[in-house]
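Lifted from Swiss-Prot, the feature list:
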- 37-66: disulfide bond (DISULFID)
- 44-59: disulfide bond (DISULFID)
- 49-67: disulfide bond (DISULFID)
- 1-21: signal peptide (SIGNAL)
């Protein structure tokens, strides 16, 4: 009986850490901004976009530009 309480307690601690973390469950199924940029035909660049292209979004969590 004591062991089952201990297991239940550790399970609750683990689940509470996951919930307060990086929103593990809401992050499932979301694509990275780099993936979305390349999938739409763009390219991720840290420098300015080349001539005849424009900024369509960001890549690498806002550190680079998605040029298309």
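Cβ coordinates are placed from backbone N, Cα and C, and glycine is handled just like the others.
Secondary structure from DSSP puts residue 66 (disulfide bond) in a beta strand. Look at the disulfide-bonded residues 37, 44, 59, 66, 67 and count other Cβ atoms within 10 Å of each Cβ; 44 has the fewest. Residue 59 (disulfide bond) sits 10 Å from residue 67 (disulfide bond), taking the C-alpha atoms as the reference points. In this view, residue 49 (disulfide bond) is surrounded by 16 other Cβ atoms within 10 Å of its Cβ, with every protein chain counted. Mapped onto three states, the DSSP output places residue 49 (disulfide bond) in coil. In the three-state DSSP classification, residue 59 (disulfide bond) falls within a strand.
Cα to Cα, residue 37 (disulfide bond) and residue 44 (disulfide bond) are separated by 7 Å.
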